Ligand code: NAP
């Protein structure tokens, strides 16, 4: 089996990365950064987001596992004290995988040409560069509302505990093939109206944002922020790709939520 390790880059994460790499090579596994079967992320959720984007072109051939070194580590099942157990499991056990849904982002431009496609593990947000953000929200081809406010967030179920949660969104179990739309500070009065509640869309539904006045937007995809100019539309839906996590022991989603937000 071929493996790769991504580290947050701090001293502690790098030490554990080097230890794991040497243990796994001692067990006969091959270190291959280009085409790994399994990617071990050492650090926090940010490190796992980075690893996901680095290997997003080979998701069907790569499983991910996270080790957290002093961070929240919502996506990470293991702590450094358990590294020998994890290495032994990777080298000797057949692991099961769980698939989590991803968000597909398609950005089309006024001048036509190629659309830009992204996959998000957590979420994508849209804000404008200056002034109040105004955008038409379309669901399954029908106009739903004209949103005015700070921005909008579209999250995956596993990203529902991240930015989405801070925006008052629901926590959604990742077995539900869905995406969630939440508002950022909508303007709501007798003149302007938005739904005001988070919306959860199933896998076969599509949400399209269509600019009204402004055409330039700051679009985030997980930890990445990109300025897109002359935007005609931004389409969101559940992606056909999924992320696969390698599971060497059970770690139910609701226990993960409890341990991250209530107490561990
Ligand atoms: P960061 O600002 O360094 O980290 C944001 C925090 O979110 C970290 O504590 C991180 O955990 C945690 N996190 C990431 N994914 C999570 C998930 N699925 N469930 C629960 N917590 C999660 O930024 P970053 O490391 O580059 O991560 C980018 C993410 O930050 C974005 O995808 C967005 O979700 C989140 N964010 C949140 C807010 C907010 O809550 N107001 C605002 C902006 C962005 P670790 O400590 O383990 O890395």
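Each Cβ is built from the backbone N, Cα and C atoms, and glycine gets one as well.
Here is what TrEMBL says about this protein:
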- 45: active site, proton acceptor (ACT_SITE)
- 45, 46, 122, 123, 148, 150, 185: NAD(+) binding site (BINDING)
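Closeness to ligand 1 is met by 46, these being the binding-site residues among 46, 148, 150, 185 whose Cβ falls under 6 Å from the molecule. Looking at 122, 123, 150, 185, the binding-site residues in this record, the fewest other C-beta atoms within 10 angstroms of the C-beta turn up around 185.
Cβ-based crowding with a 10 Å cutoff singles out 45 as the top-ranked of the recorded positions 45, 46, 148. Residue 122 (NAD(+) binding site) carries neither a helix nor a strand DSSP state and counts as coil. The NAD(+) site in the record is lined by 45, 46, 122, 123, 148, 150, 185, and its two most distant CA atoms lie 31 Å apart.
Cα separation, residue 185 (NAD(+) binding site) to residue 45 (active site, proton acceptor), rounded: 26 Å. DSSP classifies residue 46 (NAD(+) binding site) as helix under the three-state reduction.
In this structure, the CA atom of residue 123 (NAD(+) binding site) is 13 Å away from the CA atom of residue 45 (active site, proton acceptor).
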